Every structure is written in C-alpha cells, then in structure tokens.
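Student: The Ca(2+) binding site annotation in TrEMBL covers Asp19, Trp20, Glu22, Asn24, Glu33. Per TrEMBL, the feature Zn(2+) binding site maps to His81, His217, His221. The transmembrane segment annotation in TrEMBL covers 34-52, 64-83, 95-111, 118-137, 143-167, 174-191, 218-238.
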Amino acid sequence: MAPSLDRQGYWGQPTSTLDWCEENYVVSFYMAEFWNTVSNLIMILPPIYGAIQTFRDGLEFRYVCSFLGLAAVGVGSWCFHMTLLYEMQLLDELPMIYSTCVFVYCLYECFKQENSLSLFPIALLFIFSVTVTVVYLQWKEPVFHQVMYGALVACLVLRSIFIVTWVYPWLKPLCYTSLGIFMLGFLLWNIDNIFCDSIRATRRTLPSGVGVVTQFHAWWHIFTGLGSYLHILLSLQIRSTYLKYRPKVKFICGVWPALHIDPQKTS
C-alpha cells in the first residue's frame, strides 16, 4: 500500500493501518479517497433493493440478511475510505467477515427444509467470527484479516462449483459469471497494491478524466460488489429451486439483474 500523501483534509491525519493507492484529498476536502468512497454505492443501493424484494417475496430471512450484510460492507467501506480512520477501517473489514459467514450458512444449508434452523453451523460460524474479531483487535495485521476472509470465500467457491457441477448444472453461467467478476476485482486489487508507484506516476501524466480509470481499488469495489450480489442471486436461485418455487431473473431498467420469486410452488 502506498503511503499517504501530505495533503490534509477534513478528517485529519489517517490513523488506519492501510492507506490505498488513490491520492488523499485530491478530489474533495471531505473525502480522503473520493473514488474509493463513491464506488461503494454498488454495494449499498442494489443490495438494499434486493433485501426489500426478498422480504416482499416472503423468502427466508437469512437471504434478507445476506443482502443487508453486503450493504453493511458497502457503508463501512464508504466510511473507511472517506475518513481513513482506524475505527472506520474496522467498520469496513469486520462486516466483510460477518456477511460472508451469512453467505456460507445460506449456501451450505440450501438443501434443508424450509425455515429450518441448523444450530451447529450457526455456532461454528459465530465462534469463527468472534475469534477473528478478538484476534484482529489485538493483532492489527491486515494480512490476518485478508487470509480469514479468503478462507470464507474459498468455502463459497468450492460449494458453488460442487452444486452447479453435480446438482443444478444449468446454473453454471450465473455461478461462473459471479466468480469471474469477483476474481477480476481481486486481480485489480493486487495490481493496485503491487504496482502503486508506477500507477501513480502514470496517472500524473494522464488527463483527470482518463486517470480515474486507473483507480483500481475503486474497480475492486465495483467488481467484487457485483460478484457478491450475483452470488446472493445464485444462492437464492438454488434455494428457491430446491423448495420448488419459480425463480425468475428480471432486469431493472433492462440492465441490473434481480430475482423475483413466484409464490406458487411447482408441482
């Protein structure tokens, strides 16, 4: 991660353990990393719509929690990149763990009876979340958080591939689209971290309207936000298909995918 530039803004000197490649307080006096902040809208607005639609369709509350969990990550990330304060960094990073635990529960419990509650995986994921939280609060090492988050994502990937390979192969396009978009974001996240000095040097030579394209951490938000949203749709489609509902993917304004569930079950 690149060190913070000397330019000061509304929130003062950064106290976070991470400072990303976007130059601080260049676009706005009130946002430390403007593009890394506003790019979180993709993780806030669509999931809120998804939560409302899922609630209206009368689906299980765990899926409402999935959408709201993703929105919470977006809000936390917004606050973190806007301020670069340590407290806001935790508001970003810890909900990543908590929301992904909800994703894991939904995907691994998708072939159970409707409205059933499995206490063992809930307890296991709760203990995992508490342990990660306690350790991370004491040992402020971002790599620890990244490894724990990566382990949860790996669980999702393995389970998703198993389901679309052996149970519902017709869901492969949605599964691999979600995975591919997420991995593209992960690739850009790594490029932004590893080649930050070169990216900043190149950005200074470009017009401002073109240089914004090189804000790869903002692209990480966009692609992982979309990939995570599509994963929730995949999880919902698997669950509603198993329960013999009639899931239909519709596109809001002809662009954004959303899942609508026919309340009548198939015979």
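Glycine residues also receive a Cβ, built from the backbone N, Cα and C atoms like all the rest.
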Student: Can you tell me which binding-site residues out of Asp19, Trp20, Glu22, Asn24 are within 10 A of His217 (Zn(2+) binding site) by Cα, answering none if there aren't any?
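Tutor: Among Asp19, Trp20, Glu22, Asn24, the ones whose Cα sits within 10 Å of that of His217 (Zn(2+) binding site) are Trp20, Glu22.
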Student: I'd like the Cβ neighbour count for Asn24 (Ca(2+) binding site), meaning other Cβ atoms within 10 Å of its Cβ, all protein chains included.
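Tutor: Here the count is 24.
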Student: When you measure from the Cβ of Glu22 (Ca(2+) binding site), how many other Cβ atoms are you left with inside 10 Å?
Tutor: 28
Student: Using a Cβ cut-off under 8 Å and a sequence separation of 6 or more, which residues in the same chain sit near Glu33 (Ca(2+) binding site)?
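Tutor: Set apart from Glu33 (Ca(2+) binding site) by at least 6 residues yet with Cβ under 8 Å, we have Trp20, Glu22, Asn24, His81, Met82, Leu84, His217.
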Student: If I restrict to non-local contacts, at least six residues apart, and a C-beta distance under 8 angstroms, what lies near His221 (Zn(2+) binding site) in its own chain?
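Tutor: Set apart from His221 (Zn(2+) binding site) by at least 6 residues yet with Cβ under 8 Å, we have Asn36, Ser39, Asn40, Ile42, Met43, Ser77, Gly185.
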Student: Do you know which of the binding-site residues His81, His217 has the most other C-beta atoms within 10 angstroms of its C-beta?
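Tutor: Checking each of His81, His217, the winner is His81.
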Student: Excluding His81, His217, His221 themselves, which residues in that chain have a Cβ inside 8 Å of the centre of the Cβ atoms defining the Zn(2+) site?
Tutor: Trp20, Glu22, Glu33, Trp35, Asn36, Thr37, Ser39, Asn40, Ser77, Gln215, Ala218, Trp220
Student: Which sequence-distant residues neighbour the transmembrane segment (118-137)? Criterion: at least 6 residues beyond either end, Cβ under 8 Å.
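Tutor: Distal contacts: 90, 93-94, 97-98, 101, 104-105, 108-109, 112, 144-145, 148.
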Student: Count, for each of the binding-site residues Asp19, Trp20, the other C-beta atoms lying within 10 angstroms of its own C-beta, and report the residue with the smallest count.
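Tutor: It is Asp19 that, of the binding-site residues Asp19, Trp20, has the fewest other Cβ atoms within 10 Å.
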